[in-house]
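Copied over from TrEMBL:
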COMPBIAS  1-20  compositional bias 'Low complexity'
REGION    1-55  region 'Disordered'
COMPBIAS  21-39  compositional bias 'Polar residues'
COMPBIAS  40-50  compositional bias 'Low complexity'
DOMAIN    68-131  domain 'SAM'
Amino acid sequence: MTQSPGRDSPGSSGSGSRHSTASLDSGRASSCHLSGHTRSSVSSSSVSSSDHNTAPAKVERLLLQGVPDQDVLHSWLMDIRFEEYFPLFVAAGYDMHTISRMTPEDLTAIGIKKPNHRKKLKAEIAQLNISDGLPEFIPVRNA
(Lines of atoms letter the chains of each structure in order from A and count residues from 1; the text may use other names and numbers.)
(Lines give C-alpha, C1' and ligand atoms only; values in the text may rest on other atoms or scores of the structure.)
Protein backbone atom coordinates (compact mmCIF):
# COMPACT_ATOMS: atom_id res chain seq x y z
CA MET A 1 0.00 0.00 0.00
CA THR A 2 1.18 3.53 -0.72
CA GLN A 3 -0.97 5.25 1.89
CA SER A 4 0.62 6.23 5.15
CA PRO A 5 -0.95 5.36 8.51
CA GLY A 6 -3.89 7.59 9.27
CA ARG A 7 -4.80 7.84 5.60
CA ASP A 8 -6.71 4.58 5.32
CA SER A 9 -10.00 4.28 3.56
CA PRO A 10 -12.98 6.01 5.24
CA GLY A 11 -14.37 2.75 6.67
CA SER A 12 -11.17 1.57 8.36
CA SER A 13 -10.38 2.06 12.01
CA GLY A 14 -7.27 4.01 11.04
CA SER A 15 -9.51 6.57 9.41
CA GLY A 16 -11.62 6.90 12.53
CA SER A 17 -8.43 7.50 14.39
CA ARG A 18 -7.30 10.02 11.80
CA HIS A 19 -10.57 11.92 11.99
CA SER A 20 -10.43 11.80 15.73
CA THR A 21 -6.87 13.13 15.70
CA ALA A 22 -7.84 15.82 13.22
CA SER A 23 -10.70 16.79 15.47
CA LEU A 24 -8.42 16.91 18.46
CA ASP A 25 -5.79 18.83 16.54
CA SER A 26 -8.30 21.35 15.27
CA GLY A 27 -9.79 21.45 18.75
CA ARG A 28 -6.41 22.23 20.21
CA ALA A 29 -5.80 24.88 17.60
CA SER A 30 -9.15 26.47 18.16
CA SER A 31 -8.71 26.07 21.89
CA CYS A 32 -5.46 28.00 21.68
CA HIS A 33 -7.13 30.49 19.40
CA LEU A 34 -10.17 30.73 21.61
CA SER A 35 -8.05 30.98 24.67
CA GLY A 36 -6.10 33.80 23.02
CA HIS A 37 -9.38 35.28 21.87
CA THR A 38 -10.77 34.98 25.36
CA ARG A 39 -7.82 36.86 26.77
CA SER A 40 -8.21 39.42 24.03
CA SER A 41 -11.93 39.42 24.61
CA VAL A 42 -11.44 39.95 28.32
CA SER A 43 -9.16 42.89 27.72
CA SER A 44 -11.41 44.26 25.00
CA SER A 45 -14.29 43.52 27.30
CA SER A 46 -12.79 45.83 29.89
CA VAL A 47 -12.18 48.42 27.21
CA SER A 48 -15.62 47.76 25.87
CA SER A 49 -17.01 47.93 29.35
CA SER A 50 -15.55 51.39 29.83
CA ASP A 51 -16.70 52.32 26.32
CA HIS A 52 -20.02 50.76 27.23
CA ASN A 53 -20.36 53.06 30.23
CA THR A 54 -19.32 56.14 28.28
CA ALA A 55 -21.20 55.48 25.03
CA PRO A 56 -24.68 56.14 26.50
CA ALA A 57 -23.39 59.22 28.37
CA LYS A 58 -21.74 60.46 25.18
CA VAL A 59 -24.99 59.99 23.22
CA GLU A 60 -26.93 61.90 25.87
CA ARG A 61 -24.32 64.69 25.91
CA LEU A 62 -24.31 64.99 22.10
CA LEU A 63 -28.10 65.13 21.97
CA LEU A 64 -28.18 67.83 24.67
CA GLN A 65 -25.60 69.83 22.71
CA GLY A 66 -27.89 69.80 19.68
CA VAL A 67 -25.62 67.64 17.50
CA PRO A 68 -27.61 66.38 14.48
CA ASP A 69 -29.21 63.00 15.14
CA GLN A 70 -27.44 61.25 12.27
CA ASP A 71 -24.08 62.40 13.64
CA VAL A 72 -25.02 61.11 17.09
CA LEU A 73 -26.16 57.80 15.57
CA HIS A 74 -22.92 57.44 13.60
CA SER A 75 -20.82 58.27 16.66
CA TRP A 76 -22.72 55.74 18.80
CA LEU A 77 -22.40 52.99 16.19
CA MET A 78 -18.67 53.69 15.91
CA ASP A 79 -18.28 53.55 19.70
CA ILE A 80 -19.93 50.13 19.84
CA ARG A 81 -18.12 49.01 16.66
CA PHE A 82 -21.20 48.52 14.49
CA GLU A 83 -20.70 51.48 12.13
CA GLU A 84 -21.31 49.22 9.11
CA TYR A 85 -25.02 49.33 10.02
CA PHE A 86 -25.25 53.14 9.86
CA PRO A 87 -26.72 53.15 6.31
CA LEU A 88 -29.41 50.65 7.37
CA PHE A 89 -30.59 52.82 10.28
CA VAL A 90 -30.57 55.97 8.11
CA ALA A 91 -32.34 54.32 5.16
CA ALA A 92 -35.07 53.08 7.53
CA GLY A 93 -35.49 56.59 8.97
CA TYR A 94 -34.40 55.86 12.54
CA ASP A 95 -33.13 58.54 14.88
CA MET A 96 -31.76 58.05 18.40
CA HIS A 97 -35.20 58.50 19.99
CA THR A 98 -36.81 55.82 17.83
CA ILE A 99 -33.77 53.53 18.13
CA SER A 100 -34.28 53.56 21.89
CA ARG A 101 -37.58 51.70 21.31
CA MET A 102 -36.32 49.18 18.72
CA THR A 103 -37.02 45.49 19.14
CA PRO A 104 -34.93 42.61 17.76
CA GLU A 105 -37.62 42.26 15.07
CA ASP A 106 -37.08 45.91 14.08
CA LEU A 107 -33.34 45.24 13.80
CA THR A 108 -34.07 42.28 11.54
CA ALA A 109 -36.49 44.36 9.46
CA ILE A 110 -33.86 47.00 8.68
CA GLY A 111 -31.44 44.30 7.49
CA ILE A 112 -29.30 43.27 10.47
CA LYS A 113 -29.12 39.57 9.69
CA LYS A 114 -26.61 38.26 12.24
CA PRO A 115 -28.38 37.14 15.44
CA ASN A 116 -25.37 37.89 17.64
CA HIS A 117 -25.18 41.43 16.21
CA ARG A 118 -28.89 41.96 16.90
CA LYS A 119 -28.42 40.68 20.45
CA LYS A 120 -25.43 42.98 21.05
CA LEU A 121 -27.22 45.96 19.50
CA LYS A 122 -30.33 45.33 21.59
CA ALA A 123 -28.16 45.19 24.74
CA GLU A 124 -26.49 48.48 23.74
CA ILE A 125 -29.86 50.06 22.96
CA ALA A 126 -31.10 49.02 26.40
CA GLN A 127 -28.20 50.97 27.94
CA LEU A 128 -29.25 54.19 26.20
CA ASN A 129 -31.15 56.51 28.47
CA ILE A 130 -33.02 58.45 25.83
CA SER A 131 -36.54 59.62 26.34
CA ASP A 132 -39.08 59.12 23.61
CA GLY A 133 -39.55 62.87 23.43
CA LEU A 134 -42.89 62.86 25.22
CA PRO A 135 -43.25 65.07 28.29
CA GLU A 136 -43.06 63.27 31.61
CA PHE A 137 -45.32 65.81 33.35
CA ILE A 138 -48.89 64.61 33.68
CA PRO A 139 -51.28 67.50 34.36
CA VAL A 140 -53.68 67.15 37.26
CA ARG A 141 -57.26 67.01 36.09
CA ASN A 142 -59.78 69.33 37.71
CA ALA A 143 -62.83 67.24 38.28
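Including glycine, each Cβ sits where the backbone N, Cα and C put it.
A TrEMBL annotation is a machine prediction, not a hand-curated record.
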Worksheet, complete the sentence: Secondary structure split (DSSP) over the domain 'SAM' (68-131) reads 43 helix, 0 strand, 21 coil
Worksheet item: Any idea what the model's mean pLDDT is for the domain 'SAM' (68-131)?
Response: 94
